[in-house]
Every structure is written in C-alpha cells, then in structure tokens.
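Presented below is the structure to which this report refers.
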Amino acid sequence: MADNDDASSQNSGPKPDGVQILNELRMAALREVDGAKLMYCARPILRIESFLIDLYRWFHRKVCLVAGVGFFTDAYDLFAINIASVMLGYVYGHYPDSSCRPTLNPTQDLGLKIAAPVGTFFGQLLFGWFADIVGRKRMYGVELILMIVGTFSQATAAEGQAISVIAMLIFWRFIVSRLIVFVVHCTDIFFGGQMMTSVFAAQGWGNLAASIVAIVITVIYKDKISGDFPLDTCTQTCNIHATIVQVCSSPSTLNHVDYMWRLLLGLGCVPGAIALYFRLTIPETPRFTMDIERNVARATADINGALHPARGRNRNTVTQRADAPRATFTDFWDFFSKRDNFLMLCGTAYSWLAIDVAFYTLSLNSSIIFEAINFGSSAKVYDTLYNICKGNLIISLAGLIPGYWVCFLFIETMGRKRIQLMGFAVLTVLFVVMGASYNALIPDGGTAGDGNKVPAKTIVFVFLFCLANFFQNFGPNTTTFLIPGEIFPTRYRATAHGISAATGKLGAIVAQVIFRRLDPVSSSRRNLALSFGVLSIFTMSGVFSTLLVPETKGVSLEVLSNENQEGFMRAPRGEVNVQDGIVIPLERLDDLP
C-alpha cells in the first residue's frame, strides 16, 4: 500500500513543460550524434546490430562521398589550370624572347591563376552567410550547379574579334568558387576530424586526377604535337592582338593543342554532375535544423532515420518552431565582440592566410618552378607538356596525397592544433633550406628537360619540394579547414568559416601577385630563392596565430561553441502541446539515450 502511495505521489509531481522537453530532446539527439561510436561499441554486437553498424557507416560514407566529390571537382579545376595555361600559351601566347617557348604574357597568366581565388574570396563570404540562413544542403547544391556551369563554359570559351578567350576563361574561373561547410554537422566527436579530413583529402585526388588526365591527353595527341616550334620558320602579324608572334610551320599542331586544354578543363564537370544527383538524397544537417530552423522534432526524425533506419521516420511529426538564439547582426556583433571569440576568429583567419600564401604559390606555379629549375623546358611541344605533367604527377603522388592521408591517420590522436603547429614549423625550416641552397642545387643552364638524365642536385631540390607539399597537407592546409568548422556556434559556423577561408584566399591572391612580380623564369634566378624566403616569413607567423585557437580533438561542437547549452531552446510564441505529439512524440524519448 505504501508503495502504491509512493508511486502515486511520484506520478502526481510536477511534469516537465514543453520547453524543458525540447531542451532535453535536443541534448539527447546531439549526444546520439556525438556518441555514435560508443553507441555501437558499448554493447554486445548482435547480427542485427552489425547490420545497423554497416548502415550507420554507409550514411557517413555517403555524406563524405558527396561532399568530397565537390572538393574533388573544385581541386581538379583549380590545379588543371596550372597545366592548361602552358597549353594556352602555345595557342594564344607569344615568344617573350628568342630562347623561350610561346607563353601567355604575365598579365594573362596572373589573371587565369587569381580569378578562382578572387571568386572564392567573395563566394566564401556570400555563400557562407547564405548557408547560415537557408541551409548547408541548399547552398551546396547551388555551388555545385555554378561549378558545373562554370567548368563546362571554360571548355567552350572562344576567341573572336570582339572577345578574348583568355578574358572569358578569367570570367568563368571567377564564377567557380570553393565549397561551404557541410559534413562537419554530421560528425561525431570520435570520427569528426577523420571524416572532415577524408572529405578535404579529395583535393589531393582532384589534383592527381588533373595530372593523370593531362598526361593521358598528351600521350593520345603525341603524334600530332611532336614537332618543334622553330623560331626562324615564319613570323606573322596577329590581327586580333595586333602583336608580332611566332607561329609553328604546322598550324594543325596548334589546333590539336587547342583541343587538349579544352578536354582537360571540360572533363572536370563530370564528377560535379554526379555529386549533384546524390546531394538530393542527403537530409539537411541536424544541427542546422535544430538551432537555425528551430525544429527539434524534424532534426530528431532525421537523426533516427540516418542512424536507426530500422525505426523509420515518424510521418506524423508536425513542424513547430521553438525559440532559439537567432543569427542577427546584433547577435553576431555581441558574440564576436567578446575577446575570446574574436581572437579565435583572428587565429583561424590569419592561419589560413599564412598557409594559402605558401600552398597556392607552390601549387599554381609548379610548371613555372619546373621550368626555372630546367625540369620541363624543351623545343618540342610534346616533351615540354609531358615533362610538366610528369612533374605534377610526382608532386601529387609523393607529396600531396600522402600528406592528406597521414593527417587522416593522426588527426584524432595528435590533435588539430599540434599538427598545425608542427606543420608551420617544419615548412618554415624547409623554405629556409630551399631558398638558401637553391643556387647550389640548381646549376646554370641544365639539361633536365632535354636529356634523359636529371642532375642529382635537381632531384634533391624536387625532393624538398615534395616534402614541403607533404607537410602542407600533414599540417596547416588541412587543419585550417577543420578548426573553423568546429569552434563556432551553428548559426555562425558557415559565416565564420567563410570569413576564415576568404582571408586565406586573400593570401592566395597576394601570393600570385608577389610571385609574378618576382618573375623567377625571366628575371634573375635568385628571385626564386627569394620567393622561398618570403614564404618562410608567412609560415613562421602562422606558428603564432595557431596559438590563438583551441584544441578541438574529442570535444563536441556545442562545447566548442563557447555558449551555455542549458536552456538553449526557449518557449515559442504559441503553446507547446508536447503530450499530444504536436511538437515531439513522447514515445520518441524512449528511443534516445
């Protein structure tokens, strides 16, 4: 009898109101996402649970695949221009002097290489802001469409009396921009860094694919472009540019090179089209649905549908908005006017700038650097293009891709901050060594492009070059992408990530301008050594900016956001009828940890 009285007294106690249940459900759903690994590892694995693990893993693999294809396409287009600019030089360029192959003039080459970073600078700010308003999924689709249209339009750009093909390429490369934060909202605290690293590593595969496609196209057209570009064959006036240019005795050679760069750039839109289709099958990120759309019930249904497919989704879930902190200019100012938050933003933004100065200097100008060290120069079109493609392939296989995946292996053990500090420090040492030893390692003249044997000293320099690319990716190039996607609250995560990325692209623009001003090929050979010295200054400064950011390893996004999560959801304007299941079905609470 006493037991019944106790039970009745407990049942008659105060019931939690709708707002309290909203907060409890939100935190339970976030714990389920963050603790997905423990959820499956803490219990005996039965046959049906093994099947659920496979489905759970497939969902995350699918998210990584769709987001990664976007980065793959973007990287393919970004780095293919490094090779395509050499091809464009043969078709639309001129001879700067009697000893060089035909090339684009410095202004044209600079325009092609900074158009994408300039477009990305504005795109990151604009799309990052829009992504915090309309959603990551929707803006990711818009960016994929722009990427596909821009990539295909580059391949169809034409030359005419009233328009320049280089100008059209610059315009369309401005349209193609970098992707927003997407996958971070679907990660847990155990695999989050590895998931984001695997997505970002698609850049390495995009670079490798651009090199492979370029070398395959070059080999296919070998018989068509094996002739020389003799300086004394003929000279004619170009009616379009009103300049004197040297042309090959076989105009068909130029036509075939024109086909080559169009194929190289145009094929980049294929993976983007595939990603656009699969994007339709991925739901909006649960944190955006809860914290921005303020729809806890729908976010919970999405989480259950993704992590527990056997349960299915509750088709009776009704959309009802709760009240939560909203993204407004006043709220943005209040959040980032706090010293800690402002310093974190400064740390992520400047660190990204420091590494992008180095990354884009090496990546977008590798063909120029190869020519400066006599690795690729030849009178024959085929030999020049083949050597440049081979050099880019070596860099991808020996530096870029290993760096990404070594970072993938250690990101959850070493931590983001430690890897970033190590990367900046090692890069500083490498750039100082490369600049100081350049004159000793690279002899005057050289025969690397014309002979079959590459000088041993040149091999040493190429090894250092690959090592620098390795520690860029096993270092700040990867972590500067991860950290700003983890440390800011959901309503400003894409905006803050966009600000950081845009600052990085500002560094890429500055890097291209400085590099072209130094002109290491046409000017004194000491200018390339000076370029590495300038890079070492930026990477050294990155060590200090890294000290401003926190370590994010093993910490949930809500803790990192530097906001109190208790009572995060507030009462909406209307009544919250929780017991009738309008906001949240009560039976759903039994399914959550």
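Backbone N, Cα and C define each Cβ position, glycine as well.
What TrEMBL says about this one:
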TRANSMEM  63-90  transmembrane segment
DOMAIN    63-553  domain 'Major facilitator superfamily (MFS) profile'
TRANSMEM  110-131  transmembrane segment
TRANSMEM  163-187  transmembrane segment
TRANSMEM  199-221  transmembrane segment
TRANSMEM  259-280  transmembrane segment
TRANSMEM  342-362  transmembrane segment
TRANSMEM  393-411  transmembrane segment
TRANSMEM  423-442  transmembrane segment
TRANSMEM  527-549  transmembrane segment
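Listed stretches 63-90, 199-221, 259-280, 527-549 were compared with the transmembrane segment (342-362); the greatest number of C-beta pairs under 8 angstroms is found for 527-549. Between the transmembrane segment (423-442) and the stretches 63-90, 110-131, 259-280, 393-411, 527-549, Cβ pairs under 8 Å are most numerous for 527-549. Of the ranges 110-131, 199-221, 259-280, 393-411, 527-549, the one with the most Cβ pairs under 8 Å to the transmembrane segment (63-90) is 199-221.
Residues 62, 65-66, 69-70, 72-73, 76-77, 80-81, 83-84, 87-88, 91, 137, 140-141, 144-145, 147-148, 151-152, 154-156, 210, 213-214, 217-218, 221, 225, 385 of the same chain lie 6 or more positions beyond the ends of the transmembrane segment (259-280) yet place their CB under 8 Å from a CB of it.
Sequence-distant contacts of the transmembrane segment (199-221) (same chain, six or more residues past either end, CB-CB distance under 8 Å): 64, 67-76, 78-80, 82-83, 183, 256-257, 259-260, 263-264, 267-268, 363, 382, 385-386, 389-390, 392-393, 396-397, 400-401, 403-405, 407-408, 473, 478, 481-482. For the transmembrane segment (393-411), same-chain residues at least 6 beyond its ends with a Cβ under 8 Å from one of its own Cβ atoms are 193-194, 197-198, 200-201, 203-205, 207-208, 211-212, 215, 366, 419, 462, 465-475, 477-479, 482, 553.
Below 8 angstroms of C-beta separation, residues 77-78, 81-82, 85, 88, 104, 139-140, 142-143, 166, 169-171, 173-178, 180-181, 360, 364-365, 494-499, 501-502, 505-506, 508-509, 512-513, 516 of the same chain, each at least six residues beyond the ends of the transmembrane segment (110-131), sit close to that stretch. For the domain 'Major facilitator superfamily (MFS) profile' (63-553), the predicted model reports an average pLDDT of 77.
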